[in-house]
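Take a look at the structure below.
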């Protein structure tokens with residue numbers, strides 16, 4: 001029933017106006033799945049290789065389609081993803097491109113679910129599926145690689161951890177985003193938006209902390225449940241090998257100073273989440289920070305782990321971080337992402353399923369977050385390619401009751 005009979009690929013636009021890969025998978029019984037690959041702006045050194053979309057599509061047509069069609073079953077995700085690895089023949093998808101691989105992997109999952117008449121989260125969930133739903137982390141102020149001439153810290157994230165349900169959490173983040181805009185207007189500070197829809201005012205990091213803290217407090221008072229905030233520091237983008245430190249404009253922080261700075265911000269603002277606070281190669285720095293504040297907050301590895309089982313195991317052995325960001329396109333397939341999630345769970349690491357800065361209307365990650373019982377999902381606050389996932393999360397929560 002789920003034997004794959006056709007795989008088609010095309011270029012479509014992502015949210016930044018750049019081309020990306022979209023895949024369609026059709027099965028013998030008429031099951032159909034469509035998915036599109038996202039793309040990051042701040043990418044980890046160890047991510048799977050993203051090829052030019054036209055090159056990725058041509059390579060996938062030559063190498064992947066013949067291995068899948070009339071041979072592999074969409075209902076068996078591991079079989080699909082093993083075929084993708086075999087077709088590529090490298091350890092980082094440099095032959096067919098992680099962008100073509102992840103699009104096909106996700107499209108096959110949808111086709112398999114379609115045959116069963118089940119939502120994707122049920123098809124993927126298996127033993128992972130719990131009773132809870134992920135808390136959305138909403139990007140409300142941004143800078144770094146997502147918005148030039150703004151904050152050095154890449155993302156300030158609203159976290160409605162006290163929301164009674166998914167819907168209220170989603171709307172709480174939207175309210176914080178709106179309140180940030182109101183406060184900026186009151187203070188006479190102009191602000192455009194960055195890649196992910198967050199406000200990108202020309203203010204210092206210190207001013208941004210105060211701004212987001214005020215906005216979160218105001219909305220928390222209005223809604224009556226706990227809202228905190230967190231950060232994606234994207235510190236690999238701040239770290240300069242030539243100077244051996246983290247560059248904040250005219251200031252350079254050593255690793256020791258960076259750890260101290262992050263610990264102070266966690267204490268001062270009761271941060272619930274800090275992603276990539278140190279360079280992607282600094283397991284020791286992550287371990288030092290985790291030992292110091294890991295009982296107070298989530299220290300999350302994105303560029304540190306790149307959804308890789310091998311890099312996560314290195315982190316586990318070093319006691320570096322206590323949570324992992326999951327981005328399927330970083331590693332190339334849903335199976336690889338599942339394996340990282342399973343290893344994280346075995347060792348008590350929280351999982352955070354995430355979008356990329358260059359996104360499409362694809363909603364697979366909403367299903368992945370629910371299927372794997374992730375603690376958080378990071379997929380923006382506003383803009384259509386972000387709200388597509390958030391609205392799908394609301395629908396899933398309603399369907400699963």
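Cβ atoms here come from the backbone N, Cα and C positions, even for glycine.
The Mg(2+) site in Swiss-Prot is built from 275, 302 plus one of 221, 222, 232, namely 232. Compute the center of the Cβ atoms of 232, 275, 302, which mark the site for Mg(2+); besides them, the chain residues with Cβ within 8 Å of that center are 154, 155, 231, 233, 234, 274, 276, 300, 303, 325, 354, 378. Using residue 357 ((2R)-2-phosphoglycerate binding site) as the reference Cα, a 10 A cut-off selects 196 from the recorded positions 196, 232, 275, 302, 327.
Classification of residue 232 (Mg(2+) binding site) by DSSP places it within a strand. Across the residues the record lists as binding (2R)-2-phosphoglycerate (154, 327, 356, 357, 378), the two Cα atoms farthest apart are 17 Å from each other. Comparing Cα positions, residue 275 (Mg(2+) binding site) lies closest to 378 out of the recorded positions 327, 356, 378. The two recorded residues, residue 154 ((2R)-2-phosphoglycerate binding site) and residue 232 (Mg(2+) binding site), show a Cα separation of 6 Å.
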